[in-house]
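Report on the following structure.
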There are 6 protein chains.
Amino acid sequence: MLKLSKLHAPSIRLSGGSADPFSTNLAEWIRPVKQDQEYDLCLMGVPLSKSSISFSGAHLHPQQFRKCWTSFTTYNWEQDIDLKPLRIADLGDIEMHITDIAQCHQNIYEANLSVQRAYPEAVSIAVGGDHSITAPLVKAIVEATGARIGIIQFDAHLDVRDLSYGGASNGTPMRNLIESNTIRGEDIVTIGLRNFANSRQYRDYAEQHGMNLVSQREVQQAGIETIIAQAMAILDQKCDQIYVTFDIDVLDQSVVPGVPAIGPQGLLPVELFESAYILGKWEKVQAIDFVCVDPSVDFRDASTRVSLHIFLHFLSGFYRRKM
Amino acid sequence: MLKLSKLHAPSIRLSGGSADPFSTNLAEWIRPVKQDQEYDLCLMGVPLSKSSISFSGAHLHPQQFRKCWTSFTTYNWEQDIDLKPLRIADLGDIEMHITDIAQCHQNIYEANLSVQRAYPEAVSIAVGGDHSITAPLVKAIVEATGARIGIIQFDAHLDVRDLSYGGASNGTPMRNLIESNTIRGEDIVTIGLRNFANSRQYRDYAEQHGMNLVSQREVQQAGIETIIAQAMAILDQKCDQIYVTFDIDVLDQSVVPGVPAIGPQGLLPVELFESAYILGKWEKVQAIDFVCVDPSVDFRDASTRVSLHIFLHFLSGFYRRKM
Amino acid sequence: MLKLSKLHAPSIRLSGGSADPFSTNLAEWIRPVKQDQEYDLCLMGVPLSKSSISFSGAHLHPQQFRKCWTSFTTYNWEQDIDLKPLRIADLGDIEMHITDIAQCHQNIYEANLSVQRAYPEAVSIAVGGDHSITAPLVKAIVEATGARIGIIQFDAHLDVRDLSYGGASNGTPMRNLIESNTIRGEDIVTIGLRNFANSRQYRDYAEQHGMNLVSQREVQQAGIETIIAQAMAILDQKCDQIYVTFDIDVLDQSVVPGVPAIGPQGLLPVELFESAYILGKWEKVQAIDFVCVDPSVDFRDASTRVSLHIFLHFLSGFYRRKM
Amino acid sequence: MLKLSKLHAPSIRLSGGSADPFSTNLAEWIRPVKQDQEYDLCLMGVPLSKSSISFSGAHLHPQQFRKCWTSFTTYNWEQDIDLKPLRIADLGDIEMHITDIAQCHQNIYEANLSVQRAYPEAVSIAVGGDHSITAPLVKAIVEATGARIGIIQFDAHLDVRDLSYGGASNGTPMRNLIESNTIRGEDIVTIGLRNFANSRQYRDYAEQHGMNLVSQREVQQAGIETIIAQAMAILDQKCDQIYVTFDIDVLDQSVVPGVPAIGPQGLLPVELFESAYILGKWEKVQAIDFVCVDPSVDFRDASTRVSLHIFLHFLSGFYRRKM
Amino acid sequence: MLKLSKLHAPSIRLSGGSADPFSTNLAEWIRPVKQDQEYDLCLMGVPLSKSSISFSGAHLHPQQFRKCWTSFTTYNWEQDIDLKPLRIADLGDIEMHITDIAQCHQNIYEANLSVQRAYPEAVSIAVGGDHSITAPLVKAIVEATGARIGIIQFDAHLDVRDLSYGGASNGTPMRNLIESNTIRGEDIVTIGLRNFANSRQYRDYAEQHGMNLVSQREVQQAGIETIIAQAMAILDQKCDQIYVTFDIDVLDQSVVPGVPAIGPQGLLPVELFESAYILGKWEKVQAIDFVCVDPSVDFRDASTRVSLHIFLHFLSGFYRRKM
Amino acid sequence: MLKLSKLHAPSIRLSGGSADPFSTNLAEWIRPVKQDQEYDLCLMGVPLSKSSISFSGAHLHPQQFRKCWTSFTTYNWEQDIDLKPLRIADLGDIEMHITDIAQCHQNIYEANLSVQRAYPEAVSIAVGGDHSITAPLVKAIVEATGARIGIIQFDAHLDVRDLSYGGASNGTPMRNLIESNTIRGEDIVTIGLRNFANSRQYRDYAEQHGMNLVSQREVQQAGIETIIAQAMAILDQKCDQIYVTFDIDVLDQSVVPGVPAIGPQGLLPVELFESAYILGKWEKVQAIDFVCVDPSVDFRDASTRVSLHIFLHFLSGFYRRKM
Ligand SMILES: [Ca+2]
Ligand SMILES: [Ca+2]
Ligand SMILES: [Ca+2]
Ligand SMILES: [Ca+2]
Ligand SMILES: [Ca+2]
Ligand SMILES: [Ca+2]
Ligand SMILES: [Ca+2]
Ligand SMILES: [Ca+2]
Ligand SMILES: [Ca+2]
Ligand SMILES: [Ca+2]
Ligand SMILES: [Ca+2]
Ligand SMILES: [Ca+2]
């Protein structure tokens with residue numbers, strides 16, 4: 001048995017088998033972690049959504065994410081990349097307490113600390129859950145590595161609500177990281193901020209703490225490649241490692257019907273696919289998460305398929321980094 | 001302003017107006033509480049469901065319960081009772097903390113304590129929420145009154161899970177009350193226990209603590225009036241007051257599609273309507289709750305309508321008690 | 001072309017064909033009306049629901065009723081009756097005006113008048129639509145026949161709202177018929193009245209006008225056969241003809257999820273099946289309608305299937321009357 | 001009490017409260033009208049959809065529009081505008097008759113006449129309802145002001161059906177206004193006309209009456225700013241005031257799944273957001289409406305959110321006009 | 001590896017783990033088959049529904065049946081039986097061909113033949129799939145045992161369509177077995193036949209072949225225990241073994257919304273629970289199947305829960321047989 | 001009666017009537033085929049989906065396609081074309097066998113052979129069904145004409161699965177045509193291939209057989225007009241006729257929620273509308289099909305509306321070809 005704290009196999013497992021010998025689906029490729037094996041990438045589910053301000057079933061996303069693996073192959077046609085040579089493990093899900101949310105956050109911290117120590121070279125991929133998970137995930141990396149971490153946050157929202165209002169919810173991760181001195185505000189780039197979804201007071205807070213803020217319209221006007229290049233330029237010098245967090249609600253409601261805080265005037269999937277590919281290539285990116293998809297209100301898993309495709313584009317970039 | 005702790009108006013209020021002068025709907029009759037007024041009955045919403053073992057939107061039930069008020073009149077045709085003379089207040093909803101579930105339970109305790117003290121003569125009606133709320137609600141009554149409380153629990157489940165497994169969840173309220181010495185096991189009558197929904201170990205626990213257990217089939221065979229008469233006989237002598245808790249999952253899945261733990265082989269609505277009417281007449285019943293309806297998975301509010309009808313039959317019985 | 005006023009073919013027609021030579025479905029049997037042919041029964045759709053107090057798609061019921069014909073055979077197993085010898089025609093749908101509801105009611109009156117004159121011997125079957133249609137349908141029969149008509153109304157509601165409140169809506173047909181001197185109150189038997197769905201004031205009105213009222217519980221306690229026998233005894237002597245109106249909301253919400261005014265504590269389908277069979281046998285019943293099914297909110301056409309089965313039990317009784 | 005005719009409070013009201021002191025949601029900001037107060041903008045619900053040709057629940061839109069207020073803030077990030085200084089009132093909903101649609105249109109006329117007279121300086125915002133409401137709304141403004149009104153209509157359809165076919169339905173408002181001599185055809189600019197959703201005969205009618213017609217493809221090719229600039233150039237000289245009507249079905253079915261007449265090849269939300277902002281700035285625009293959203297068939301209120309965002313962009317432009 | 005032909009693990013497996021040490025859910029108890037182990041009962045999934053006359057997703061039922069295992073315990077409260085001592089194996093699913101339905105039936109035959117030979121003493125449980133699977137399942141048992149098999153069929157339909165009409169579909173299994181001389185008509189008892197769901201011609205066929213036919217109403221009038229006792233009396237002498245097939249569409253549409261051929265006037269779940277318990281006790285019952293549940297059109301898995309409860313009642317009876 | 005083999009009228013027919021004399025909807029224009037009449041275009045439904053690898057209700061598409069005809073006019077506003085002069089017939093649906101899928105494919109072959117012979121000059125339009133239907137459709141054309149056929153396939157997938165894996169399913173039509181020597185690989189142009197939806201092995205197969213492959217991104221980068229021009233240039237010289245097959249899953253999941261294999265990163269409707277218009281103008285295009293829309297999982301028929309619009313743009317191009 002592996003020495004990974006607070007991680008266990010999910011209650012439903014994909015067999016991984018396929019009858020067609022001429023294609024490999026993701027379920028055949030991403031298998032449960034095995035002892036004494038090295039990995040390029042480690043994936044873990046973080047099924048927590050009781051920490052959400054609004055009613056959320058985002059804890060169902062890790063399992064739905066895995067179920068969708070049977071519908072996709074390892075082959076990126078556009079780049080002519082077959083991901084199969086990459087070594088990837090599914091570490092399972094982090095254990096959650098039924099009624100103690102602070103304990104859930106503590107479990108996330110402990111689990112990720114143990115993952116960072118067990119696989120210091122691997123890129124870690126967390127599949128949430130709501131956005132509150134990012135704070136303990138990042139804290140564990142800082143604890144494990146001592147590195148100065150930069151964050152690229154794709155989000156419609158700043159996530160800098162005052163923690164005195166409701167505790168460590170999905171409205172607070174960036175403020176949580178800043179006020180716990182885990183991350184400097186200037187080391188955060190937030191991309192995709194949305195009209196009528198934030199307040200001027202929180203913008204003031206973010207700007208006073210040096211956060212780098214990019215609105216949806218600025219992305220559309222400058223082009224996503226430019227925005228990502230600027231983000232990399234801001235963080236490259238001063239940060240040792242980069243953590244990328246994809247809050248799927250940054251996308252337009254017409255493309256991700258299954259996120260709790262849906263809204264119009266969001267980014268488009270191709271903008272995140274492109275971003276993920278570029279960031280996958282960048283050596284400094286050592287951890288990534290996907291949050292705020294609620295499969296219980298989705299339509300035919302469209303939103304989970306989008307988060308899965310972002311993941312696959314990140315892996316494609318990572319393939320370029322490695323191969 | 002009233003001195004009721006941790007209670008506030010719900011975010012959406014019914015206007016109470018109706019264009020038809022010849023009928024009175026519930027929304028016109030049950031109005032927000034007013035200061036310096038006496039009441040026969042006080043209703044409060046308890047919108048907590050993060051304490052549920054399985055994913056639950058039961059916190060949405062108080063508001064849906066109120067919205068259905070516009071579809072029902074105050075007139076019980078079968079009994080030829082118009083409820084209008086009863087004095088009833090809507091106290092609003094108990095405040096919940098976003099991430100601290102223990103605090104939520106504390107708020108429920110405080111709110112109900114304040115209600116019991118403000119309206120010692122009134123019957124209090126709590127609209128949950130999941131079943132974890134019953135424990136703090138009962139504790140507050142015991143604190144306020146010092147009475148020996150008997151409980152009549154309608155439930156498919158015993159609710160005596162070990163609190164070390166997940167804390168004060170919706171699987172634990174009866175054990176919670178027993179082990180906190182709030183209630184004696186022998187003062188609990190549980191009606192409607194369901195096949196393949198409990199374990200022999202928990203049954204052993206319940207029996208060892210003297211709980212009085214009645215299965216669904218025993219209800220069908222003996223008839224609900226007999227069962228209720230027996231429950232009253234068990235509790236009447238030794239208890240000062242009776243608390244009735246309706247876990248709506250005691251009903252068959254075909255009649256309440258919107259409870260989290262739906263299942264076949266449940267009780268029928270008419271059995272709860274009859275029970276509620278009889279218990280409404282009984283002087284000792286001073287508090288009542290309705291739990292575990294999740295409007296987010298219901299079909300056309302059928303389950304909320306059932307909980308509302310139970311409430312109306314209780315009121316009809318109460319009318320007989322008073323008038 | 002037939003001389004039927006305000007009736008036209010529905011926009012979608014069933015072909016009536018079936019590949020299986022060993023069974024006859026209803027769509028093969030009930031065919032569009034043909035000129036110069038005699039019929040035992042005439043069916044017409046009355047697609048009006050803009051006259052409803054609450055939002056209703058009951059105008060979609062006639063067409064859904066026909067679509068379900070392909071799923072049922074003409075064979076009543078319990079009675080060993082094959083309905084095929086009965087001569088039945090589908091007259092199509094009554095034309096509705098888009099914005100003039102009074103004109104819709106006038107069209108219903110004219111269409112039925114023309115039907116009664118064209119087929120004076122046939123039993124006419126109207127598939128609504130909301131309950132407002134019953135008033136013009138009955139008025140046309142009285143105009144055509146001069147008969148004293150008795151009404152057996154299956155309904156959760158009295159339908160005696162004041163017409164000054166909103167006009168000839170689905171809350172008013174019985175009062176409309178009484179106050180227009182079309183029908184005497186004493187010639188109406190209303191069966192299945194529901195708790196918390198009526199007011200004492202309207203009950204007073206109904207009783208003052210001599211209506212015969214039977215609640216849901218009275219049906220359960222006496223048995224439906226007894227209730228129907230009593231209704232027949234009340235009306236048999238004094239009325240020339242009987243009109244039966246089935247407001248499907250008289251049934252319990254668990255069996256007809258697709259009626260606008262669903263509620264618990266309703267009748268059961270078997271009670272209406274039995275009633276329809278008995279009334280089908282009775283010579284005096286010359287017209288019948290089915291109202292207040294809204295297919296747009298139904299679950300898998302369950303409610304339409306119930307109205308269709310009532311119709312088929314009526315036909316089975318009618319078979320006994322004729323054969 | 002205000003002297004506003006035929007307007008009453010909606011049956012469900014938002015409390016307006018919020019626990020987070022650092023952001024203001026729309027429900028806190030847009031409050032019920034108060035006597036003796038001046039306003040920059042007045043909003044009223046127009047819950048009429050029985051006038052629709054196809055089955056429509058658009059009468060549910062005003063209330064759903066308000067419910068969505070709790071999910072959006074007053075802060076336009078892209079423009080760095082906080083709308084709070086604007087003085088806005090919710091006048092409530094216009095009363096509708098249950099069965100007399102002509103009376104409903106009369107009520108709309110009377111209510112708006114009374115609003116125009118009570119608040120002659122304020123911009124009036126009508127939230128429908130189906131498109132038939134635009135005719136009486138505009139007639140009331142002409143009656144109140146005597147002004148020559150120009151109309152900018154965003155619509156997939158011309159809305160010039162012959163009134164002899166079905167009366168004043170949602171297919172007729174432009175013809176209704178032209179033929180009642182309320183508006184000249186040349187003073188109407190219709191933007192977003194859709195393929196296979198109109199007929200050549202109606203186009204002929206529109207062109208013969210001088211209406212200015214812009215198809216969806218022409219918008220895509222010229223750019224929405226150019227189209228709006230042209231519309232303003234056409235109307236600016238000859239018209240005293242401009243009325244803007246947003247028929248939400250002008251948008252593509254992929255972005256507004258909840259309009260009755262959905263179809264592909266529609267405009268995109270950003271094109272309406274941009275238009276609304278520009279028109280909000282224009283002094284001549286004194287009235288605006290939003291029609292043909294049916295929340296009962298929508299997916300997670302996506303379409304209502306779009307209509308609400310158009311409204312917010314209009315307010316942002318209006319902020320520039322005023323501040 | 002086991003020598004079971006055409007059987008493979010399902011693509012999604014339940015982990016079987018549970019955090020609560022005081023109860024055992026079915027997923028912990030029913031585990032994948034292990035080599036060289038003896039079993040009392042063997043369960044296999046038969047995911048075939050392309051053989052259905054109407055559109056059916058019944059092939060999804062085996063997997064949904066397993067997923068529901070996590071929601072039920074092994075404890076039958078009413079009988080005070082804990083099923084755990086029974087030795088049960090999940091053999092997995094029978095392989096299906098994508099486009100060759102005859103091959104699918106051949107695979108079912110081969111798989112069951114191999115199961116009967118590998119576990120001659122065990123009771124075999126097949127979870128369909130549509131009713132066409134019963135024919136090859138029974139043929140394999142006859143081939144393996146040479147026994148004279150009696151069939152107790154719970155079904156709204158006779159299932160004796162002519163095979164020349166569409167081949168071995170779900171409308172034909174009984175005729176298929178009779179005409180292939182696998183089973184004698186007189187050895188079949190069909191219980192629950194429904195009004196307007198069969199034809200007189202097929203009834204004639206069934207009666208001419210000696211089938212024993214019991215309608216829904218006969219069940220209600222005689223009581224299910226009497227009917228089962230009669231069926232056992234008919235078959236006990238002449239048959240060596242009994243095969244029980246539960247077509248879930250025999251139940252009323254209000255309790256199993258997720259079967260393709262739903263209809264009113266069906267049996268009630270308790271009647272099947274009782275039957276399954278009695279038949280579980282009977283030594284001669286050596287095989288059983290559950291067919292025609294389509295999870296893709298169900299509501300919250302209500303129908304799968306019912307089929308699972310029938311299975312659990314059968315197991316409870318079997319426990320009495322064995323223990 | 002026409003001599004068309006294996007074709008019959010669909011079970012539900014549109015009446016074709018409309019009350020509005022000023023517009024013509026498609027249902028009024030596309031009428032059932034009449035004997036001894038000449039046609040420019042012939043449409044047939046091909047309701048087969050049992051041949052699908054994944055669960056599919058695509059057999060429901062032909063009928064849903066027809067039902068949507070009532071919502072669209074014959075008038076292409078952008079091109080100012082009224083399609084009415086074109087002579088088009090609805091030939092009905094091809095007969096399918098319930099359990100013999102090979103027979104279904106044979107029926108498709110025979111039906112189309114008979115159509116090609118009866119209407120050699122007409123363009124034939126097949127409305128599927130799943131993609132397996134394309135193989136027998138094309139084989140019939142080759143048999144009837146002896147022509148060298150080129151194929152333009154819009155598809156996210158190559159459809160070159162090995163037929164030994166599951167037979168002639170929807171994953172195989174292109175390989176089926178190549179390996180049966182019906183079509184040369186070099187005569188196929190596949191447009192819209194999608195990331196993570198194919199495998200390198202199948203790409204190798206396709207390239208080895210000379211298929212011309214264009215990915216989604218290549219379409220976006222070059223523009224659809226360029227891609228179509230290139231496809232025409234490739235095929236124009238060497239092929240006698242062109243067959244165009246639209247697998248609707250080539251589109252993005254956000255615009256066609258109702259196709260079985262939905263996914264992100266797909267083409268946009270306007271790209272298919274434009275393609276269809278251009279190809280409609282091209283003399284060589286003599287046959288066309290639409291496959292893989294499943295109305296049973298769609299949202300408000302959005303996907304059927306898209307396939308219908310592609311059809312209408314093709315007709316518009318064809319109008320230019322003819323008029
Ligand atoms: Ca966030
Ligand atoms: Ca966010
Ligand atoms: Ca409970
Ligand atoms: Ca319970
Ligand atoms: Ca009624
Ligand atoms: Ca009624
Ligand atoms: Ca319009
Ligand atoms: Ca429109
Ligand atoms: Ca069967
Ligand atoms: Ca059956
Ligand atoms: Ca394909
Ligand atoms: Ca495809």
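Glycine is no exception: its Cβ is also placed from the backbone N, Cα and C atoms.
Taken from TrEMBL, the feature Mn(2+) binding site covers C:H131, C:D155, C:H157, C:D159, C:D247, C:D249.
With respect to Cβ neighbours within 10 Å, the binding-site residues C:D155, C:D249 differ, and C:D155 shows the lowest count.
Under 8 Å, Cβ to Cβ, and six or more positions away along its own chain, C:H157 (Mn(2+) binding site) finds C:G171, C:L193, C:R194, C:A197, C:N198, C:D247, C:D249, C:A261.
DSSP assigns C:D249 (Mn(2+) binding site) to a helical segment in the three-state reduction. Within 8 Å of the centroid of the Cβ atoms of C:H131, C:D155, C:H157, C:D159, C:D247, C:D249, where the record puts Mn(2+), the same chain has further Cβ atoms from C:Q153, C:A156, C:L158, C:N170, C:V250, C:A261, C:V291, C:C292. Other Cβ atoms within 10 Å of the Cβ of C:H131 (Mn(2+) binding site) number 30 in total over all chains. C:D247 (Mn(2+) binding site) has a Cβ environment of 27 other Cβ atoms inside 10 Å. With a cut-off of 8 Å between CB atoms and residues at least 6 apart in sequence, the same chain places C:H131, C:Q153, C:N170, C:G171, C:T172, C:P173, C:M174, C:R175, C:D247 near C:D159 (Mn(2+) binding site), listed in sequence order. DSSP gives C:H131 (Mn(2+) binding site) a helix state.
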